[in-house]
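Read through the structure below, which is laid out as structure tokens, and then see the notes.
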Amino acid sequence: MKSWVRQGRRLVLVGMLAWVLLFLALLSYFLDARVNEPLTSTGSVLYQHPDTRRLASIQASQLHNTNLGSRPELASTLTATYTRDEPRPSATPEFSLEASQSPDSAPLAIYGGPEGIHQDYLDPQSLAAWSSFGTENIGSQSDPVIQSRERTSQNHGSITRYRGGEEEEEEEEEEERQENEDEDVANGLRNTAARKPGGDSSELEKYYFSKSISVVQRLWRGHVSADMLSPRLQRAMKDYVSANKHQVSYRGRRRPSQSAKELLCEMKAQARLQMVDGTQQPFSSLGWASLVPSLPLEQLHKRPDQGSFKSCAVVTSAGAILRSGLGREIDAHDAVLRFNAAPTEGYERDVGNKTTIRIINSQILANPNHRFNTSSLYKDVVLVAWDPAPYTLDLHKWYASPDYNLFGPYMEHRRAHPDQPFYILHPRYVWRLWDVIQGNTQENIQPNPPSSGFIGILLMMTLCEQVHVYEYIPSMRQSDLCHYHERYYDAACTLGAYHPLLYEKSLIQRINTGPGSDLRRKGRVTLPGFSTVDCDI
């Protein structure tokens with residue numbers, strides 16, 4: 001009897017122990033499932049943001065990239081982006097979903113599923129902001145590449161702040177030291193990559209990401225080449241050259257060694273403003289002569305024998321302008337040019353609040369998310385729109401098939417607001433600027449229109465006696481934040497894939513008359529207006 005009771009107690013204890021173990025196992029399972037729940041769940045507020053969905057799709061697709069063949073559209077050569085902490089503008093405004101719904105938010109979306117991989121290719125203008133270095137998702141802060149990059153940024157800040165008359169010499173020594181350090185890191189990464197199956201992809205990409213600081217330093221010195229880009233972006237450039245969407249056929253001379261004065265005079269001759277004025281077909285038959293502004297842009301504020309303005313500021317949308325404190329300096333100019341949907345409200349301390357001219361690409365007019373007809377961004381300013389057109393200047397083809405339909409919204413806006421100066425750049429003007437870039441570059445550049453930034457700079461050099469350009473060539477504040485007003489980060493927003501940004505910036509640096517300290521500390525380039533350049537022509 002006692003033996004039976006003792007055995008029963010043992011069975012009860014074993015059963016209780018089994019239930020406890022089962023409970024712990026179930027608890028552990030559900031806790032792990034909760035911890036591992038991706039940010040892209042439908043319950044995540046972050047994932048409700050359309051840009052975040054695109055970025056998550058790109059990141060998730062990295063494992064499939066080796067299955068993607070070479071495509072003319074290039075999207076497969078562009079890289080994943082990643083989100084971090086939100087940018088902190090001077091007044092720390094609230095970030096609205098609308099502000100980040102720009103079509104410029106990602107180069108493409110790649111979706112993997114049971115039926116294979118599907119890619120949504122974004123338009124060329126969207127690719128403008130997603131262009132420089134090929135990058136993977138960056139790992140932890142213990143990564144030697146990240147630590148090296150952080151040390152570089154800190155060293156530049158302290159060295160520039162405290163050195164005196166020996167500034168240039170010490171900076172060159174620091175740059176050389178950093179380049180040697182980066183090379184050591186690169187050798188280690190190459191060796192690591194070589195030991196792994198598949199070779200040189202992810203670790204070597206981190207190396208190219210770490211080189212972004214030294215690339216900017218070379219840009220400060222005016223030394224640029226496509227070899228500075230990652231292999232991924234070099235392939236992208238080659239594919240764009242092969243695709244040649246706009247049928248570009250350059251037959252001009254190559255003069256990469258022109259002096260600053262010679263380059264300025266060539267720019268002055270080629271960059272004569274030309275707008276769609278309604279005198280050419282098909283616009284003349286559509287009555288555009290009475291639709292466009294009667295006064296040319298260069299005569300809006302014309303003074304006798306001078307440019308329209310004495311001093312002008314071109315404010316790019318780069319994230320590096322955050323925490324610059326340049327707002328008051330920017331607003332002190334006679335005229336200020338801004339781009340696309342870049343706001344000023346909430347960012348006044350860094351970017352100012354004056355806007356005289358706003359250059360907008362055709363997406364702004366065509367995409368209802370930009371609220372072109374209702375947003376205050378596009379009111380009480382001079383508007384200049386542009387859209388890529390064939391290199392052959394076939395206006396009939398352009399009108400019938402623009403990249404984005406800007407013509408209908410333009411006509412509607414002009415009829416509703418006839419007193420607001422609103423122009424469309426003639427394709428001849430845009431492609432002449434491209435000819436200048438290619439003619440002064442030994443390498444073959446992308447056969448795509450220049451960026452809005454380059455167009456805006458040359459436009460203001462026509463209208464102003466002196467032009468200050470902010471953060472077109474990055475300062476020591478260089479950041480992975482693509483735009484100061486949007487919440488996405490990528491190292492691929494500096495030197496271009498679709499637009500020939502690398503070569504554009506090299507040309508601007510060649511004609512920069514400002515001191516090197518302005519470029520490093522403020523990201524400011526000083527350029528003479530064309531009216532002040534004597535070319536004897």
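Backbone N, Cα and C define each Cβ position, glycine as well.
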Partner cysteine of CYS312 (disulphide bond, per Swiss-Prot) from CYS265, CYS464: CYS464
ASN373 (N-linked glycosylation site) versus ASN353 (N-linked glycosylation site) - Cα distance in angstrom: 20
ASN373 (N-linked glycosylation site), number of other Cβ atoms within 10 Å: 14
